[in-house]
Amino acid sequence: MGVLMSKRQTVEQVQKVSLAVSAFKDGLRDRPSIRRGGELPGSRRGTVEGSVQEVQEEKEAEASAPVVQEESSINRAAWERLRDGRGVEPEEFDRTSRFTPPAFIRPTRKLDDDKPPDICLEPREPVVNDEMCDVCEVWTAESLFPCRVCTRVFHDGCLRRMGYLQGDSAVEVTEMAHTETGWSCYYCDNLNLLLTEEEMYSLTETFQRCKVIPDCSLTLEDFVRYRHQAAKRGESSRALTDEQEEQAARQFAALDPEQRGHVEWSDFLSHESLLLLLQLRPQNSLLRLLTVKERERARATFLARGRGSTISEAECHHARHSWFCKRLTEAPSCSVSISHVGPIADSSPAASSSKSQEKALLPTEQESRYVDWPTFLRENVIYILAARPNSGAIHLKPPG
């Protein structure tokens, strides 16, 4: 059976061949050459000094011959892999010659972005994953890792060559990709990629005004100070009330589930991106960001917890929390904390205890009020998006 190659893969293969050719030429250029004295101006050939120089050059050439042969064999093996379509082995080439991570293109909002999308409760939407790896665009009989959010699938080797799998993360993806918890690809894991160029510019301006250093973790003091500065109006030195400051502290704790005393930059950036989406986007625009898998999980939750075409407000409140339910830490398969993308089973002990605790916190009248499917979706959309990252952090803590 032949190898199916797309135009994009053909371009990548040509780039790899160019890298291999450059490496081969560098090896030839670095090879010491034997110069004959009689061929150069001012030659000392025939003298004692010239004879000694020729002997030394011959010895250097003999010593470098095994190295040149080894480099030649490596390059020849690389050519064979490229010819057979097997790609470049990362352990034999520098990182610069591996697969190049994609250049992310930020989305643009359409003119009808704020119009209500057509997301009906029935009929259900079919969920079908892609057949080809999103990186190499080749179908193979090997196991493909599906994303839990979108329909993309990936080879572990392609993810490794792009630098997205390092160390124990390969084992993590292998264990989690085919479970109920699942694994988010590098597109869906980064919530900041949901922002447009204009929205990202606004967020960057806020970071600069509040003197936030990118790629640095934040302590609780840093986080609360930033929230004060971001919400500051006029000349007031204190922008948050005591209640808002306590809410910021609770959000910090949600972003730091392992209680390390600091929040990673990626989690902080995802949190701020969600807040900006809430501030600038209408609900209909947020609904258009949901993927078919996320819409289907929302339908399954609504039908399982609701009564026909409605669901109680208490269950709707519970659903907002259940998107972030984690697997029990004592379970053998839970060595890595990853956000759940849907409610856990009602029959599980964790679900029962969580449900009873939340019901105790809710007023009794909430259980008697019901909301329809569109309302349920609007109230849950931002939390469904917030549950995308693989991180165990809760990037937007629901109230209550």
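Glycine is no exception: its Cβ is also placed from the backbone N, Cα and C atoms.
Features of the protein shown, as given by Swiss-Prot:
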type: COMPBIAS; residues: 29-38; note: compositional bias 'Basic and acidic residues'
type: LIPID; residues: G2; note: N-myristoyl glycine
type: MOD_RES; residues: R36; note: omega-N-methylarginine
type: MOD_RES; residues: S43; note: phosphoserine
type: MOD_RES; residues: T47; note: phosphothreonine
type: MOD_RES; residues: S51; note: phosphoserine
type: MOD_RES; residues: R307; note: omega-N-methylarginine
type: REGION; residues: 29-65; note: region 'Disordered'
type: ZN_FING; residues: 129-190; note: zinc finger
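For the zinc finger (129-190), the DSSP counts in helix, strand and coil order read 14 helix, 5 strand, 43 coil. In the three-state DSSP reading, R307 (omega-N-methylarginine) counts as strand.
For R307 (omega-N-methylarginine), the same-chain residues 6+ apart in sequence whose C-beta sits under 8 angstroms from its C-beta are Y370.
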